[in-house]
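Note sheet for the following structure.
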Amino acid sequence: MITIALLIILSSAGTVVAAQPWEVCGTAGKFAAGSTYQANLDLLSAALPANASSTGRLFAKGSAGAAPDAVHGLALCRGDLNASACSACVAGAFQGARRLCALAKDAAIFYDTCLLRFSDQDYLLGLDYSNHSNNASAVAVDRPVMPTEATLTGWNGYSSNAFIAQQVSKLLNGTVRQLFSSTTRNNRYAATGRLGDIDGSNTIMPLYAYVQCAPDLTDDLCHYCLRNFSDLAVANIGRRAGRVLGLRCNLRYEEYQFYSNFTWINDNGAPMSPATPPPSPTPKPAPLPPSPIVLPPTDQHKRRPMAKVLVIALVSPLVALFICVTISFRFMRRHIKADKAKMNLHRDETLIWGLEGRGSELKIYDFSEILEATDNFSEENKLGRGGFGHVYKGQFPDGLEIAVKRLASHSRQGFTEFRNEIQLIAKLQHTNLVRLLGCCYQGEERILVYEYLPNKSLDFFIFDKTRSALIDWEKRLAIVEGIAQGLLYLHKHSRLRVVHRDLKTSNILLDREMNPKISDFGLAKIFNTDDTEGNTRRIVGTYGYMAPEYASEGLFSIKSDVFSFGVLTLEIISGEKTSSFHRNGDFINLIGHAWQLWKDGLWLQLVDASLVVGCHTSAIMRCINIALLCVQENAAERPTMSDVVAMLSSDTVTLLEPKHPAYFHVRMGNEEAPTVIMPSSVNGITISSLDGR
């Protein structure tokens, strides 16, 4: 594990002495080639460069997989980069870190234009810079050997460390102030500055500085971090250049301009307008010329003061008006946000009591009841983590066992899921859908109460070599058929047409008789009966289960769920996750692996080794055929769930030969990869009227 928190690099030349990049390799452990951890790292390395370059903030963080194979990553690009340069830098950083820290589970790497860390430890939360030197949120190494040169080029006569420290401190502090300036504040949380010539001797060379914070820091944390880093830079002063690098903040100063655009820092360390150049050196006084001949004033000379007065009279009110409008706009925006938050709270309250008032079976629980049932959300009762919140086991005084999902507070998406789920599941009744018993609403608490299913989720069984033997072929086929029936109900037989959008093994729960129940409807989309597809710029779901048209273009339909069902069926048959396989030197995913075996007539090699095939050969072959039809790249070539149910229930239905599937050579993460929300504008859940068909 990486424990030292700062990378301090000082140089005796115009560039730092160490060559790029600066890597920090953790010592906690290594992962095996071809392991689940590597597959998750591949997934993260594919997603993070695109996410960082598409946000506008040039920053991204995220996780892939589930413990103990989870990978957590953070990437930050320098603020003067464009999107393509940022993406290329982060992608190169992944390659560099994996090359320089071979198979290390924890690695950080710093380039001039970007930084990256990935780790098996979740360092993305818990920011606390009160002890920044040991904070796992920042990463660094032991200080390199310092060069002996202690003066800046051109600083003749001002080479004392005290003077240099004063100038560097002035520059860094002024640049930090520039970062928080209301007129230059930017969403990339970065600022630049230049300390110009400061006396008339022309002996002082200019210095350039760059400071930056990760956009997920608050202003207070950012200021605290940069202040401490500035102190470190000044404490190690006397070099021609220096930088202090951390994951959440960094700074650098050089004798040359190493970035695009800059702001002048004046002699007092205060930012100056970019349009105002630094004061020129005061020239030595020249001999006085002979006394001039004084001429009487002309009309032209009289008009100049009048013109100045007129300009001032016109411009001053405009400037004052602009300032007033700006202040009013900020005030109004702050109040609009507060009013919107209150409106959302009122909307949740109205929604819940409205459902109760219409005689819905949904029960409204008091928060005290939930606390008692879950033993105050004790760790012993924690079952796991669902979409946007933790799930706990509970028991009411009457003996009823429940599963409680406590949605993360301050989570906008969590509140959206809350509203979506209670509006949706409260109106859906099917044996293959999880049953929502009720909910709780108090302050910022949003809690959903479900029936408790003792056999956990499908992934708990099929991906474990011991437990998978407990599910024979008859049970697996019944699970596949049950999931198909549940999807058919959502797509066709419920009062609304519902697209689940996050169908995966961990969202298939099993009751005492191992009957499947589809859960987690927080990301579902609801259509009117006449709608066939929708479009969104906000992609949600899980890599590996997303249909290609949805992952790339945001197009979703009932055929999106069909694709996920196909992947799910292949996992149930094979007992393998939809992660990468190594075949003839190429990486292919489960879909590609199944297709190759099918094409070569070796489909039996796909079947879970714990299964006794026996007389079920034709049924298994038929299921693989159906699954491959469901994962066709062209959505129009996939069957509907009505077709799937018919094909599963009758051997007389003729099956088409599957074509080349989607995602053949793409490395995909396993089904435990977290829900992915691609950065874009928020597109709310569409709710149609609840009219019967």
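Positions of Cβ are set from backbone N, Cα and C atoms, glycine also.
Heads up, TrEMBL stuff is auto-annotated, nobody curated it.
Annotated in TrEMBL:
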| type | residues | note |
| --- | --- | --- |
| BINDING | LYS405 | ATP binding site |
| COMPBIAS | 274-290 | compositional bias 'Pro residues' |
| DOMAIN | 19-123 | domain 'Gnk2-homologous' |
| DOMAIN | 150-258 | domain 'Gnk2-homologous' |
| DOMAIN | 377-663 | domain 'Protein kinase' |
| REGION | 270-290 | region 'Disordered' |
| SIGNAL | 1-18 | signal peptide |
| TRANSMEM | 309-332 | transmembrane segment |
Completion exercise
Checked against DSSP, the composition of the domain 'Gnk2-homologous' (19-123) is 37 helix, 29 strand, 39 coil
Practice task
Determine the mean pLDDT over the domain 'Protein kinase' (377-663), rounding to the nearest whole number.
Solution key: 86
Practice task
Could you find out if DSSP has LYS405 (ATP binding site) as helix, strand or coil?
Solution key: strand
